[in-house]
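TrEMBL annotations:
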TRANSMEM  12-30  transmembrane segment
TRANSMEM  57-79  transmembrane segment
TRANSMEM  85-105  transmembrane segment
TRANSMEM  151-171  transmembrane segment
TRANSMEM  178-204  transmembrane segment
TRANSMEM  216-235  transmembrane segment
TRANSMEM  247-268  transmembrane segment
TRANSMEM  280-299  transmembrane segment
Amino acid sequence: MGQDRGKYDFYIGLGLAISSSIFIGGSFILKKKGLLRLARKGSMRAGQGGHAYLKEWLWWAGLLSMGAGEAANFAAYAFAPATLVTPLGALSVLVSAVLSSYFLTERLNLHGKLGCLLSILGSTTMVIHAPQEEEISSLEDMARKLVDPGFFVFATLVIIVALIFIFVVGPRHGQTNILVYITICSVIGALSVSCVKGLGIAIKEAISGKSVLKNPLAWILLLGLVACVSTQINYLNKALDIFNTSLVTPIYYVFFTTSVLTCSAILFKEWEHMGTDDVIGTLSGFLTIIVGIFLLHAFKDISVSLATLAVSMRKEERAFPAANGMASHSTYELLHESTEDLDDREMGLPFDSISRRNGAMTSS
C-alpha cells in the first residue's frame, strides 16, 4: 500500500507540474494580449510608466493564470521529487513559445521548433527515469534532513558563495558579466526549493489534521522562503535589465536546475535508490532539455524555415552540378577532340590544316 501511495503521489505531482507550466506559459500570452489591446487604444504603455493595464481584463486573466501556475508548482513539490518538478519548469517556456506563434503572430523558426521537440523528448525521458519514491513525509523527517552534515556543509557553501558574489563580485563585474547575477539567483534558488518542499509537506500535514502552526520549523521555512525569493527576484530583475532576455533565460534555467538537482541529491537523497540506467536517463533528459531551450532562444531572431532551407539547398544543387557539369563537358570535348586528332593523324591529314567550329570540319 505504501508503494501504491507513493506512485499515486508521484502522478499527482507530475500532473501539477505540467499544469503549472501550462498556466504560467499561458499567462505571458494573456498579459501580452492585454497590453497590445491597450496600445491599440492609445493608452500609456506600461514601459512608459502607465498603469492602464489594471483596467484590462485580459491582463488580470494572465495574472490569475500566473498565480494558479505558481500555486500548482508549489503543490507539486509536496507530492513529487524536486528532481522531477524543477526541470519540468522548462515546459512553461515551450508553452509560451508555441502559443506566441499562434496568438501573437510571432514566428517560430526551424530552430525553435526543433528546440520544442527536444524539450518534450527530454522532459519525457526525465519523467520515465525520475525517482518515484518520496524520502520525506513529515516535518520531523525534514528536520532530521536539515541537520544532516552533508546538507549543512552544502548550505554553508551556498550562503558563502552568494555573499561573496553579492558584496565582492557583483559591484565589480555585475554590469559586464552575465553569470554574476544569475549565479546568485541560482544558488539561492536551491535553498528556496528546499523551503518550498518543506512547506508543501507542512500543508499536507495541516490538511490531514496535524498541528503544524506550533512547529517552529514551519515558520523558519516560511521566513527562509521569503528571504530567498526576494533575493532571487531582485538579482534576476537586474540580470534581465542589463542583458538580453534570450541569453538570461536559458543560462538561468541551466544554473538554477543544476543547483536544485544538486541540493535534492544531498538533502532529500532522491538519487540513492535510483539505478545506473535511471541516473543516466535523468541526466540525459536534462541535457536534452538544455539543448532544446538553447535552440529555442539563441536563434529566435534568425529567419529559418523548411521552405527557406529547401530553397537554399536547391540553389546549392544548381550551382555545384552546373560547375561539375561544365567541367565534365569541357573534359569530354577535350578528350573527344584529342581522339579525333589522333584519327586524323592516322589518316595522313596534316593536323594544322584542320579547323573545327561548332562541329563543322573544313580542310584548308
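Any Cβ shown, glycine's included, is placed from N, Cα and C.
Curation does not apply to TrEMBL; its annotations are automatic.
Sequence-remote contacts of a segment are chain residues at least 6 beyond its ends whose Cβ falls under 8 Å from one of its Cβ atoms, and for the transmembrane segment (57-79) they are 9-10, 12-14, 16-17, 19-35, 37, 85, 89, 92, 134, 193, 196-197, 199-201, 203-204. The stretch in closest packing with the transmembrane segment (280-299), judged by the count of Cβ pairs under 8 Å and taken from 12-30, 85-105, 151-171, 216-235, is 85-105. Residues of the same chain lying 6 or more positions beyond the ends of the transmembrane segment (247-268) and with a Cβ under 8 Å from any Cβ of it are 81-83, 86-87, 89-90, 93, 135-136, 145-146, 148, 150-151, 154, 158, 178-179, 182-183, 185-187, 189-191, 193-194, 197, 236, 239-240, 286, 290, 293-294, 296-298. In terms of C-beta pairs under 8 Å, the stretch of 85-105, 151-171, 216-235 lying closest in packing to the transmembrane segment (12-30) is 85-105.
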